[in-house]
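Trainee: Would you mind keeping the following structure in view while I ask a few things?
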């Protein structure tokens, strides 16, 4: 019976059979992917089931290779299934563990194949040696025996020779079948090599596309840097506007202080007018001045309201500028992270190649 020896979860993909370039999702979500070991056949398989549908049933052979194409994606070609499987993991650690297990299982499959070949060669050599030794033994017996013994052993010797000929024929047929198996394995190896060459060419094309994307990202990064410089200049202008607003605020406070002084002076004049009736003429003059001061106060209040409106507009502009700056900084951070991931992917791809 097959037993699971390692289990993980990943998104399963298969290569598009028509284009041999695009990936087709085999599962809508992450599914269980397991390594199984068959102790009776001494073989290993990768199996994944989505509901009642088997989406991966790949027997691992020593000729297979698991390739990491990115930080979280890996693939391998299965010549028997005539397809290429791809797995997308949630983290780089899961991908590394799966790749290490693939290499371990591959080595085990290779050792099992070597042992079976050695066993077959041993049986073949043993049958050939037994077929060679029997006629020579009979010949020695005939030579050392008398004439009567020679005559009496002619029949059994022919039977032994016939049986040994049949054994030799079966050994030759077994070697022919082994040769056919080896030819089949050689053809499989050639097909795998051709697929690997196609995969290498595809990887080279992907590298070129990634280079183009990298150059595009660099151009976008330069544009974003220029935009940030413009926003910084606008921020400097906003700071200058803020300083002007602060100066206007101080001016408004000074005007308010003057207004309070004027009001206090007006109050004192009113008190003097109430206390000293004979200063009515002076009170009329003071009233005239007061009216003028009130007019001036209204003008100052109008100016204060205008300045307050300008301050509010400046604050709104400054807030909007800060929001735009923050958005552009977030976009720049995202682009820089993508650039970093592209560089790591390119470096790992270069190491794998």
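Cβ coordinates come from backbone N, Cα and C, glycine included.
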Trainee: TrEMBL tags one of 19-63, 64-108, 109-153 as region 'Disordered' - which one?
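Mentor: Going through 19-63, 64-108, 109-153 one by one, TrEMBL flags 109-153 as region 'Disordered'.
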Trainee: Using DSSP, break the domain 'WH1' (1-109) down into helix, strand and coil residues and give each count.
Mentor: 18 helix, 54 strand, 37 coil
